[in-house]
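Copied over from TrEMBL, here are the features:
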{"type": "ACT_SITE", "residues": "334", "note": "active site, phosphocysteine intermediate"}
{"type": "BINDING", "residues": "272, 273, 334, 335, 336, 337, 338, 339, 340", "note": "substrate binding site"}
């Protein structure tokens, strides 16, 4: 590429904040997608995805070279010391251009090709359908109906095509309300609880100091009437009251209680995107103190206000969830209805509905309340070179809130912390087209489903990595009520400090539990298979013609053939047994009546027993993969189910059924075992 002026720089030093005396020395490579640092002596590679780069800063020259500090959206912070200032400047210029392209067509997703051939480009794109999701809630019904007014995005270009509104309101009311709401984002349904309480969302009204809209008042009244169990409705404005009042001067603001009947208003005090961006910046400063100490770190975290903001979001979400549980409708909005509104609506549904705590349900929730209803991912994640004031860690806060809930209720969620980290990283990577664009219309115009891969397809191919071994589907069937006292809102070390060595346990508890679960599953499937084999052999012995000792002593060929025929006839009685391959007389002796064919059966049985490893290697004290990739606290260690050895994710990329398992479910195996199983299967088939 023309922007890559220096693709390779040797004798580069990578500084470690906690060990300045022994910096890593190696070679720095700049490719079209990654910045790669290779330290051959330590057998260490550091990969930085260019789309993850948030800031690049040239530090003052030192006696050893020109330092360049790179901070990433994944909270990785690295400092390279380049031998020459010119090389430092060239790298700085290249990173600034490549980390934030000018044109959306230059994003990583339009050039990325999956390394796994078995994952087609279409995988994951048909996973979610908005109408199907509302049908799961029982919508449409007598109180709620679907309108096609936004079929061509003419009513609101940041809303989905199909909108669900009260059955009692007319088209004129909907059009009038849309003209009175910021960006045309009128009140619509996003979730219907089983008690018929509705969660609706919208943007702020264009009320100014005294303006009113009769159609908007009628629409809110229609929402109240759509719930037969309550005579009033809550309107939750997620902003601080002072902010809402300030917006009145710009012709916006909030609903006037004098014009809306049967409405109760509530302000909740969640700050805007600019405050959140500044708060995260202060939090990261506390994580990167030059002279770290416990007191300085705690003071830095507290003064950043980040945990206070997380608490405000969770507290507001719990307020909404409790109101819905009590059977009262809730309408949520902020300024434009695509940041704080998305956070509160989605978290309230997680607290209310166990479905959204499953892997499939959580993906549906993100598709519905974030992608379909127009969260501005392109702007908030800073994919392109644009106004920096539009970036904000809105989705990071959602992931943080989900982690707080997971930590408080470890058995309530089907997915683990690893899914949250994976999701967070790929939202900012633009490697997949799932989150590119600011709304549904943008994604359709870009034809992302035809031109890019979906993140959901990637997750579906690695489901075992993201499952929570402590999950109990029947543990929390009702409202999830976390204890939100300030002391329970914790700093998430696993996200904001995950690349810092020395602050994490040697092995992740979740990884150890997953390995134990997988090992137990493998042994259970192997036991079930052996039980089938034993049962089959017992059946053969029970139904066979009794054989005398003299018969067994005969060793001439004719008598052996007679014995083989006897066994073959006996197998006809157990055609339905798992050992039988058809309704005919096929059996373990299917190649012929000769008793010598039992050698084939013995070989097959031995192959089945040897295909399952009984003792898996412990995860403890394994410092590197067989490919020499070192393991750190953030690396996923995975077992091969056939040989029991530990590999990195890159080496354990094959799946195949094992002959020794009762089920034919494909399981993870290393490449060497994959070849052996395939070769053995082909030899069995050919014989």
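Heads up, the Cβ atoms here are built off N, Cα and C, so glycines get one too.
A map of TrEMBL features onto the structure.
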residue : record                                    : Cβ contacts under 8 Å, 6 or more apart
272     : substrate binding site                    : 239, 243, 335
334     : active site, phosphocysteine intermediate : 203, 204, 237, 238, 239, 270, 340, 341
336     : substrate binding site                    : 182, 183, 185, 203, 204
338     : substrate binding site                    : 158, 185, 203, 373, 374, 375, 376
Around the substrate site (272, 273, 334, 335, 336, 337, 338, 339, 340), what further same-chain residues have their C-beta within 8 angstroms of the site's C-beta centre? 203, 238, 341
Pairwise CA distances across 272, 273, 334, 335, 336, 337, 338, 339, 340 (listed as binding substrate) top out, in Å, at 12
